[in-house]
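**Student:** Below you'll find the structure I mean.
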Amino acid sequence: MGLNDSSPGAMRNGRGLSDQWAESVMVRPRTTERHITVHKRLVLGFALSILTLIIVTAVAVVLSVRYEECGARDGTPEVGSRGSGGSARLNGSRDRTGDRGEEEMQPWRTSRLPGTLRPRHYHLRLAVYMDNFTFSGDVSIEIECVNATRFIVLHTDRLEVCKGSGRLANKPGGGVMRIHRHFAFPLNLMYVVVLHRELKPMRLYRLNISFDAAIEDELLGFFRSSYTLQRERRYLAVTQFSPIHARKAFPCFDEPIYKATFSLTLRHDPQYLSLSNMPVESSVLSEEDGWVTNHFSRTPRMSTYYLAWAVCNFTYKETQTDSGVTIRLYARPDAISSGAGDYALHITKRLLGFYQDYFQVQYSLPKLDLLAVPKHPYAAMENWGLSVFVEQKILLDAEVSSSSYQMELTMVVVHEICHQWFGDLVTPVWWEDVWLKEGFAHFFEYVGTDFLFPKWNMEKQRFLTDVLHEVMLLDGLSSSHPISQDVQQATDIDRVFDWIAYKKGAALIRMLANVMGQPLFQKGLNDYLLSHMYGNAARDDLWKKLTQAMRSEGRDIDIGEMMDRWTLQMGYPVITVSKNQTEQLPTHYITASQQHFLYGQDTRNNNNNNNSLQWQVLLTVVMGNASMVSREQLIWINNKTETHRIDAMHGNTWLLGNINQTGYFRVNYDLQNWRLLIQQLHSNPQMISVGNRAGLIDDAFNLARAGYLPQNIPLLLIGYLPEESSFLPWHAASRVLYQLDKLLDRTDEYNLFSDYVLKQVASRYHQMGWPNPGSGNEGNVLQASYQTEELQRELIMLACSFGNKQCHRQAVAYISDWISSNKNRIPPNIRDIVYCTGVSLMDEDVWEFIWMKFHSSGAVSEKKILLEALTCSDNTFLLNRLLNLSLTSDLVPEQDVIDVIIHVCRNPQGRDLAWKYFREKWDILNARSDTPLLLCPCERPNTLDQLCDFIQTSGVGAGPALPRALEIVEGNVRWHRLHRRHFYQWLRKPQASAFNG
């Protein structure tokens, strides 16, 4: 930031020296007890004051209050000398007293902008110098005064504001306002302009500021990146303004609520092209230096963090929607010519039409550009009209990419296109409700993908394992937090972009959609978008529109009252359902109770707040037996314990709650009901829906891990898996089994566990076999056999991971054939499994072969899995070499360094090595990553003391990941202490007797 308030003694007794200087130019009447003659001194002082004012006024008039040169880089605030044109008359003493009182409030010392002004339009002009990675700019901001003030407070960060560039004028056609001083306040990343006179409410003003800055390489603000084409390194520059980095590129009101329109002009070397949110309106080639100046059309009203531009020498392909929206995908020339962007371009065209139909709101801009960049801090960023993606999340080589990679890429594109409505068009008021945009976009990843590929069945199936089960692991910790968080400081903003916002937000939206029903849900969303388009909204605005939609159909449900329990409280409940049968009653009752689910038994017992949490729960219930399943019944649970009447039940009738897992909670039963459900799964699993089969597996293992259930119940339950023919329950099982694997992998009796897993896997694995060698992947995403391919992949991964000898032989044979023939015949869908298995079992030459292929491959997806395969080695020397290369060599892309460490952590042979490396290199890694990294190396039970020591000695602070990491490690230690013996004791039993015990 250019100017700092660094003058000696800048603040003394709550007031700056500059204020004292300002007062000295006026004569103040004084009283004194002494009767000394001071007439001459007063006359002389008065004359000097008048002379000073005349000189200052004359200088201001001559210079027209605007200096063109950029100086004063030392950060010292200019005081008094930055006068403006217009009247030189000072305000009367009465006004001065009020002004001083306002200045003493110092609104720039608070973390939020004061709200006295709001921007209406930015006219931003930039010159971009790619030869030395700098840029210069001039911004003209049209400001509306809301409340009278002498202070213009806005944001800047790392900008050198040009000396004398500040100018404020009345609009329209008014005179120039006098500026008293202006200075940077780095603590809050703010820039302050102090005026001599107050701005008047309801009036418009125009503020002009010139500035210089560097094009950084830290992937935030306006940053640079590079790629290699035909052995030539080429550079590009692109923006990433979310959440608070627009201030790194131009002075602005950098909070979401301050929406405005933007007119952007970019001047740059003609070898580059430039992009922004809107199309180029006009382009001028300078006759003097040959540079090009692009003027972009005026944007709609939007928040600063959605403004975007890029300067690059990419090429593109384009298509057009039926409604006339032009869609272009920009990328490296070689990527475009190879067709790597064709798939994303194709689905984007379909998705714009889908969202317009679903929301009944048209896409607002004339074009949508997709920009694939080599480096980016996130998977993608949904800038309005110019969405930016890291290459791995948008470029697809159909011949080498697996179906799982295609699915991941598809969902990233679906997510970002949804943001053009939820985020760009309607923006959360403040970051505490970031889930309003991220939760919706994450939910629609599955809805939108179902539109593209209905047979994938994403929302009803894959959502359960990849979103619901995933986030409930985190949200079951006492270190979790409500989905709506209080955010005050700028440093707090990044922490709200976590799995709770994305995944819990999506799970709650899915639950709400199922409570309301699809037609009313869509009606409420349409009303919400239309009412707040081009503006901001908070969660209460959404609840209001959804409640109105419900009441329009005679359903008197207060959505806000229900959902506040889910958004303002942390965690979720476990609903315990038990039969309440009496022989005297012809009908039967169930008792349903709710309790805050927590993994830590000690926490549950000691946390008084835990007992006070309650939710409004819509519980769906069915009953069944070996021959029938009843209709679905709905039960509202509002209290800690309730009794509800349901249909008649018999002794062999089982109960099943949370049908298709639409609710965000776990369900527990009495032990007899668990045994009836397990018997049903073993005898005829198809009587229970595939979603609930996956849900029973996840609930049983997590309830047992948290101490709500005996350890044998989940093990008994997965004994039915040899009969399971669907992918989803296998996927749910593999997730919980891998979690147990991390707990048990170095225990003395680990083979008991791995043998039990292999016994469940063996028959279905041999039945499914391996895909045909050399089979291509063309059109794979369109195949109806997607679920079958995913099941086959899941079984191969389980078999190889837990030591199936035939699986190992097959993987080694594939690798050996590749090395000997130099032709890769490994089916794309299982390459990551084969690569990892081969590297772990074979010698150092194989590792070197994979390393060579990593560098020679041009396919983004292939490079990703080759790099991950290198982390699978059992050779600690090679793992250490890879860790060192990841930080010291240009061979490993910077954005992949953290992935290397995480994957070495997941290797049992590499965990201690990665944890040691992480601690030793913390200072370097801390500049590139956030504290969630701690979760990976800290899940080993014996690292609790090491973790505590590291936190104390490294000064890592008190981020949310630290208590979470500690809690996970403590939970693992507790599980070993309380449950490991019983766990292995059950595994040692003969299976027939184990089923009965």
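Heads up, the Cβ atoms here are built off N, Cα and C, so glycines get one too.
Unlike curated records, TrEMBL annotations are generated automatically.
Here the structure is a predicted model, which means the values were calculated and not measured.
So TrEMBL has the following annotated:
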| type | residues | note |
| --- | --- | --- |
| ACT_SITE | Glu416 | active site, proton acceptor |
| BINDING | His415, His419, Glu438 | Zn(2+) binding site |
| DOMAIN | 119-306 | domain 'Aminopeptidase N-like N-terminal' |
| DOMAIN | 343-566 | domain 'Peptidase M1 membrane alanine aminopeptidase' |
| DOMAIN | 654-929 | domain 'ERAP1-like C-terminal' |
| REGION | 72-109 | region 'Disordered' |
| SITE | Tyr502 | site 'Transition state stabilizer' |
| TRANSMEM | 42-63 | transmembrane segment |
**Student:** Under 8 Å Cβ-Cβ from His415 (Zn(2+) binding site), six or more apart in the same chain: what's there?
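**Tutor:** Ala380, Glu382, Ala441, His442, Phe444, Glu445 - these are the non-local Cβ neighbours of His415 (Zn(2+) binding site), listed in sequence order.
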**Student:** Quick one: pull the CA-CA distance for His419 (Zn(2+) binding site) versus Tyr502 (site 'Transition state stabilizer'), whole Å only.
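**Tutor:** Between the Cα atoms of His419 (Zn(2+) binding site) and Tyr502 (site 'Transition state stabilizer'), the distance comes to 13 Å.
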**Student:** In the same chain, outside His415, His419, Glu438, whose C-beta lies within 8 angstroms of the Cβ mean position for the Zn(2+) site?
**Tutor:** Glu382, Glu416, Cys418, Phe422, Gly423, Lys437, Phe440, Ala441, His442, Phe444, Tyr502
**Student:** Measure from the CA atom of Glu438 (Zn(2+) binding site) to the CA atom of Glu416 (active site, proton acceptor) and give the result in Å, rounded to a whole number.
**Tutor:** 10
**Student:** Give me the CA-CA distance between Glu438 (Zn(2+) binding site) and Tyr502 (site 'Transition state stabilizer'), in Å, as a whole number.
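**Tutor:** Approximately 5 Å lies between the Cα of Glu438 (Zn(2+) binding site) and that of Tyr502 (site 'Transition state stabilizer').
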**Student:** Inside 10 Å of the Cβ of His419 (Zn(2+) binding site), count up the other Cβ atoms and send me the figure.
**Tutor:** 23
**Student:** Would you report the average pLDDT that the model assigns to the domain 'ERAP1-like C-terminal' (654-929)?
**Tutor:** 91
**Student:** What is the Cβ neighbour count of Glu438 (Zn(2+) binding site) at a 10 Å cut-off, with all protein chains included?
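**Tutor:** By my count, 24.
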**Student:** Would you identify which of the recorded positions Glu416, Tyr502 has the most other C-beta atoms lying within 10 angstroms of its C-beta?
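**Tutor:** Top count of Cβ atoms within 10 Å goes to Glu416.
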